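Novice: After the C-alpha cells below, expect a handful of questions from me.
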Amino acid sequence: MRAERLLAPLPGLLFLALLLLVLEWAVGEGLIRRALMPPPSAIWEVLRDLLLSGDVLPPLAATLRLVLIGFALGSAAGVALGTAMGWWGAAYRLLEPLVEMLRPIPKAALVPPLMLFLGIGDMMKITSVALAVTFPVLVNTLQGVRGVDRVLLDSARTHGWGTGRALRHVVLPAALPFILAGMRTSLGLALIIAVLSEMLTGQGGLGFLILDMQRSFLIRQMYAWLVILALVGLALNALFAWAEARALHWQQRQ
Amino acid sequence: METLILELDAVGKSFPARGGPPTLAMDRVSLSVREGEFLSILGPSGCGKSTLLQIAAGLMEPSAGAVRVAGRAVKGPPPEAVYVFQQYGRSLLPWRSVRDNVAFAVEHRPGMSRSRARAVADAQLAAVALTGFGDHFPWQLSGGMQQRVALARALAAEPRILLMDEPFSAVDALTRLDLHRLMLELWEKRGLTVVLVTHDVEEAVALSDRVALLTKRPSTIARVVETGLPRPRDAVEVRETARFLELRHELLDALLTRGGHAG
C-alpha cells in the first residue's frame, strides 16, 4: 500500500525526465536555436549557482511577500463580504450588482489604473493581488454560507446560540470546504498578479527579473528564474493542500 | 394546581402558495401540556406535526394564535425548551467530536469553562450509554448512536421540556425499542416534560401519558386520549397489556378508517 503510493507519481516523473533529455538532445543537434532555448543542463548550472550563492533569496522574498500579504488580505475581505452577503439579505441586495460588475474584470487589467492612484510601490502591488484574491473567495464563501443546513442552524437556535456565535461556530466551519476551495483558486491568481505587477512596474521580485533577463538577452538566467517561479507555485500549492487537509480532517468520511 | 409548561392557543399556520391564496396547513390547534407529562402528537404523514412542534419550539412563527412556554409568550426559542430533530445526522456538527457536540449545548453559558462544558458532556454521554465514544466523530457512529448523541446534547441543556420530532423514525426496529426504553428511563429519572411527534401508533401509546390525535391538512386536534397505562412501565412489556392493544386498535382505527379527519 505504502509502496504503491510512493510509486504512483513515477510514470509522470519519468516522462518529465524524458522530455528534458529530448530537449537537451534537440538543442545539441541544433534543432532548436540555442539563443532562444539553452539546453536544460546549461539552465541547471545557472540555477545551481543562484541557489548555492543565496542570490535567489532577495527577489524570492520580495515576490512571496506580495503574494502572502495580498492573499491574506484578499481572503479576509472575501470571507467577510461573502459571509455578510450570504447571511443578510440586505447586504446581498446592496452588494450583488457591484460584485457582479467587478468580478468578470481580469484583475490584471486593474494594475494600470491602480498605478495611477497608488504609484508603483508595494502598496499598489499588494492591493492588486488582494483584489484578485477577493472575488473567488467571496463567491465561494457566499455559496458555502447559503448552503449551510437549516437543521444545523436550528440546532444552534434551539440551544440558545446568538447570531454571532452561530456564525463563528456553525456557519463558518460548515462553509469552510467552500471557502478553502475558493482560496485554492485564489492562490494561483495571487502569484500571477504579483508577477505581473512586478513586470508592469519594472520593480523587484521574480516577475521583474524574468522580464529584465529577457531584455538583457540573459536567456539562461531568464529560464532559471522561470524554473524558480514554477517551484514557488508548486510549493505554495503543496503547502495549501497540506493545510487544507488538516483543516478539513473531519471530512475524511466514507 | 398543575403547571402548564406549554400552551398552544388556537394556533394556525398558512404557507404562501404560488399564484393563489396561502395554503392553510394548520387550523386552530389548542393544546395544553402539563409539566412532567409525556405527551405524543400522533398524525398521518404530511399533516404538519413537525410544523406544530417547530412553532412550539419558537423556531417558526405561527400565522395565528398564541404559544406560551412556562407562562411566557414565545418569541424565538425559549430557554426552557430544546428541540430534537428527526434528522439527527444533520443536526450534529460533523467537524466536532461527539463530546464537543454535546458540550455545544452549554459552552456558551456565562461562567462555563471549556473543561466544565466537557465534563458536563461526558456525564450526559454516560446517561445515554455512550461512555468512551467522546473522542469519536459523529459519522463514525451508527444512526441509533448518533440519535443518542443528539439526545445527550439536548439533555445537557437541562431543559424543562423536550420537543422531539420523530426522533426514532430513522433507525431500525430493534434500535428503536432500545431508544424507547432509554427515553422512558431518562424521562422518569429527570422529571422532564416530553412532547413527541410521531406517526407510529405503538410508539405513541407505549411511551405516553396522553396522545393527541392530529387530523390531515388543514390539521387540527381531533381528540386527546389518556392512555392510563401504569408508571413506571417498560417500553416493550407494556405492548402485551390489554389496555395497550385497545388503545392501539382505537387510534389506528381513527387514523386509517376516518383518515384522521375531525368529527
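Just so you know, glycine gets a Cβ as well, placed from its N, Cα and C.
Just so you know, TrEMBL annotations are computer predictions that nobody has curated.
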Novice: If TrEMBL is the reference, give me the range from A:166-188, A:189-211 marked as transmembrane segment.
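Specialist: That would be A:189-211, the stretch labelled transmembrane segment in TrEMBL.
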Novice: State the residues, same chain only, that lie 6 or more residues beyond the ends of the transmembrane segment (A:223-243) and have a CB under 8 A from a CB inside it; answer 'none' if no residue qualifies.
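Specialist: Sequence-remote neighbours of the transmembrane segment (A:223-243) are 37-38, 43, 46-47, 50, 56, 59-60, 63-64, 67, 183-184, 187-188, 191, 195, 206, 209-210, 213.
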Novice: Could you tell me what the rest of the chain brings near the transmembrane segment (A:126-145), counting residues at least six beyond its ends with Cβ under 8 Å?
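Specialist: Distal contacts: 66-67, 69-71, 73-75, 77-79, 81-83, 85-87, 92, 99, 102-103, 107-108, 110-111, 114, 118, 171, 174-179, 181-183, 185-187, 189-190, 192-194, 197.
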